[in-house]
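*Asks:* Quick one: the structure is below, and I'll ask about it shortly.
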Amino acid sequence: MSTSPLSPVASSRADAALVLFSGGQDSSVCLAWALERYARVETVGFDYGQRHHIEMEARVAVRHQVAERFPHWARRLGEDHVLDLTGFGAVAHSALTADVAIEMTERGLPSTFVPGRNLVFLIYAAALADRRGLGALVGGMCETDFSGYPDCRRDTLDAMQSALNLGMDRDFVIETPLMKLTKAQTWALAKSLGGEDLVDLIVVESHTCYQGERGDLHPWGHGCGECPACELRRRGYEEWDAAGREALGA
């Protein structure tokens, strides 16, 4: 966790947000989205023993570049927090936490599904937000171009929002700006938020690949090019590029 003091705050502020920030494409776009809308934005990352642990380095690079390239956002960008959830990773069996093949399971879900991951992340994020006085929890969950993960559905997150607010006597809002967007539209949203400069930042600095590959830089970013995460990212980028690289809503 960050070494900055985590002073208790009396009430959560509606103009302050906590972004669940992995350092991937989706959470990087969500960070930019939050910085456009909130007066103060903090970030939280989770170390749960993921095979693609390199994303923890990518998130530092993305934050640094956002502050460097977008001074108006830098003034709003607050503390970064990293929470150790390796105990959870040891319990939740998945291709992202163990050396097993990436394939479909008997449940009809990809082996990359980490049972309960987003639910656990949101509980910890809410506890941190409560202490830091942050009223919005922003996540990159999406139910269009996604891998069938049940904890990425909006009805799951609505239920989680209700549970958090009942259990903590707060009024948190879980914001999911990518929920109804395709991956191509996510690239378009990035351009609408920060132009080609933000698109370039996400291509070069963010990390999506489940295999943790950071070797070759493809037009859509770093990655093995074969895992489901790379395939979604590549296909979305190519679709957006072929359509003229327009900003969302243009």
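Glycine too: its Cβ is placed from the backbone N, Cα and C atoms.
Okay, these came from Swiss-Prot:
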BINDING   Phe21, Ser22, Gly23, Gly24, Gln25, Asp26, Ser27, Ser28, Val29, Cys30, Leu31  ATP binding site
BINDING   Cys209, Cys224, Cys227, Cys230  Zn(2+) binding site
*Asks:* I'd like to confirm something. Which of the binding-site residues, Ser27, Val29, Leu31, has a Cα closest to the Cα of Cys227 (Zn(2+) binding site)?
*Replies:* Ser27
*Asks:* Please determine which of the binding-site residues listed here (Cys209, Cys224) has the lowest count of neighbouring CB atoms within 10 Å.
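*Replies:* Candidates: the binding-site residues Cys209, Cys224. Fewest Cβ atoms within 10 Å: Cys224.
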*Asks:* Out of Val29, Leu31, Cys227, Cys230, give me whichever of these binding-site residues has the highest number of other Cβ atoms within 10 Å.
*Replies:* Leu31
*Asks:* Apart from Phe21, Ser22, Gly23, Gly24, Gln25, Asp26, Ser27, Ser28, Val29, Cys30, Leu31, which residues in this chain have a Cβ no more than 8 Å from the mean position of the Cβ atoms of those residues at the ATP site?
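*Replies:* Apart from Phe21, Ser22, Gly23, Gly24, Gln25, Asp26, Ser27, Ser28, Val29, Cys30, Leu31, the close residues are Val19, Arg59, Val62, Gly140, Ser206.
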*Asks:* What's the CA to CA span in angstrom from Gln25 (ATP binding site) over to Cys209 (Zn(2+) binding site)?
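*Replies:* Roughly 10 Å, rounded to the nearest whole number.
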*Asks:* Take the Cβ of Ser27 (ATP binding site) and count every other Cβ within 10 Å, whichever protein chain it belongs to.
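*Replies:* Cβ-Cβ neighbours of Ser27 (ATP binding site) within 10 Å number 25.
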*Asks:* Could you give the Cα-Cα distance between Cys209 (Zn(2+) binding site) and Gly23 (ATP binding site), in whole Å?
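*Replies:* Rounded to a whole number, the Cα-Cα distance is 11 Å.
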*Asks:* Using DSSP with the three-state reduction, classify Val29 (ATP binding site) as helix, strand or coil.
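*Replies:* DSSP call for Val29 (ATP binding site): helix.
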